[in-house]
């Protein structure tokens, strides 16, 4: 089933100049990038983005990290995009991520694990709407 998912390349990916290498993996897998932009999250937007983690012990560190530099946000489209992209990025903790996954190959620590991808259709819809207007998303 063709679907869209949200992907964010976190500040550490941008700082370490990994943008092209990561995007190339999605394109090599046959996915289309149908929307993409560079942003810098402010605290208010970061809190909206991570509202489900509010109150957790790692929340402040996560917010501080996500507002520390530029990010790339994008909408990736293709067959079973949500589940396939999640497999491609690997486990949240880079130490547990398989070699060959994006985190397994490039990430160093948590939350500095270079990438985020939506984990469900509902999350994808919420995150895409949070970062993109409809006219910023293109069909082929």
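Placed from the backbone N, Cα and C atoms, the Cβ positions cover glycine too.
Binding site for ATP per Swiss-Prot: 10, 58, 86, 92, 113, plus 103 from the candidate set 4, 16, 103. Taking the recorded positions 86, 116 in turn and counting surrounding C-beta atoms within 10 angstroms, the largest count is reached at 116. All protein chains shown were included, and the count of other CB atoms within 10 Å of the CB of residue 92 (ATP binding site) stands at 13.
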